[in-house]
C-alpha cells in the first residue's frame, strides 16, 4: 500500500517538474518536445498505478502508449520539417505568418 502512494506522489512530482520545464524553457523545439514526453511518461506511471490499485486491467495503458507514440512521431516530424526549412529549431527563427 505504501508503494502505491509512493508511485502516485512520484508521478505527480514528475508531472510538475515536466510542467515547470515546459513553461520555463521554450527556446528550442526539441527541449519542448522532450518535456512533453516526460509529462506523458509521468501520466503513464500514474495511470498504471491507478489501474493496478483499482483492480482494472492494464489494457487501457496499451492504448495510452499507442497514442503517446503517435504524439511523439508527430512532434519529431514537425521538428524534422522545421529543421529542413529553417535550418535550426529556434522558435525565434521563423514567423507564423510566413508560409
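Any Cβ shown, glycine's included, is placed from N, Cα and C.
Noted in TrEMBL for the protein shown:
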TRANSMEM  6-23  transmembrane segment
TRANSMEM  30-53  transmembrane segment
TRANSMEM  59-83  transmembrane segment
Residues from the same chain, set at least six apart from the ends of the transmembrane segment (30-53), whose C-beta lies under 8 A from its own:
4, 7-8, 10-12, 14-15, 17-19, 21-22, 60-61, 64-65, 68, 71-72, 75-76, 79, 89
For the transmembrane segment (59-83), distant same-chain residues with Cβ under 8 A (at least six beyond the ends):
29-30, 33, 36-37, 40, 43-44, 47-48, 51, 89, 94
